[in-house]
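Here's the structure we're looking at; comments come further down.
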């Protein structure tokens, strides 16, 4: 089984890449693929670049060239739900776009025409994650949270951005810039997927400072959770 893992930034894939005993690097269209093993599993690790287009391009290249049987997205996210803290982990059971609006044509806000309004994380992977992380976080000051992640081609920090997202997605747990695009490509290729992100900021007016300070912590937390999950796949 080949497992695809995708992160947008170097910081988000570095720990996973360093976990590979040997690595083959392949660059296609600016997307950096690292082929090797993690936890005894065949892995294709992608540093896609930031944003929905980069994420969709890289995921499509991964699906077409490397034929992964599972895709997992790692990285950071901005917390939107009450009670979330930096270092908490969000496992997404649903994903949506926060900046797509074709409601004039009868679609739900966030829905791309002829695509589902929400992309569902794989039920089997979600169950595995829930079992693993219940034990993993039992003695930790951080926690794992499950729920809706909303993807935007913007870094969310302003009150007006919050208001728009909460208006259409009142149960949103976190926001970021790639996951729904990865989920859409996985959906179109019929590849099971799971999104595991760690909170780097609280998507508020201090978000840029928090992100710069805590991106490495979030990346480490997310990557560690993924390595634990790989042991069970």
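Using the three backbone atoms N, Cα and C, a Cβ is placed for every residue, glycine included.
Noted in Swiss-Prot for the protein shown:
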ACT_SITE  12  active site, proton acceptor
BINDING   78, 156, 177, 178  substrate binding site
ACT_SITE  201  active site, proton donor
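Features per Swiss-Prot, on structure.
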| residue | record | CB count, 10 Å |
| --- | --- | --- |
| 12 | active site, proton acceptor | 29 |
| 78 | substrate binding site | 27 |
| 156 | substrate binding site | 22 |
| 177 | substrate binding site | 23 |
| 178 | substrate binding site | 30 |
| 201 | active site, proton donor | 25 |
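Close to the recorded substrate site, the chain also has 77, 151, 152, 154, 155, 175, 176: residues not among 78, 156, 177, 178 whose Cβ is within 8 Å of the site's Cβ mean position. Closest in space to residue 201 (active site, proton donor), of the recorded positions given as 12, 78, 156, 177, 178, is 78, taking the CA atom of each residue. It is 19 Å from the Cα atom of the residue listed as 'active site, proton acceptor' to that of residue 156 (substrate binding site).
Residue 78 (substrate binding site) carries a strand DSSP state (E or B).
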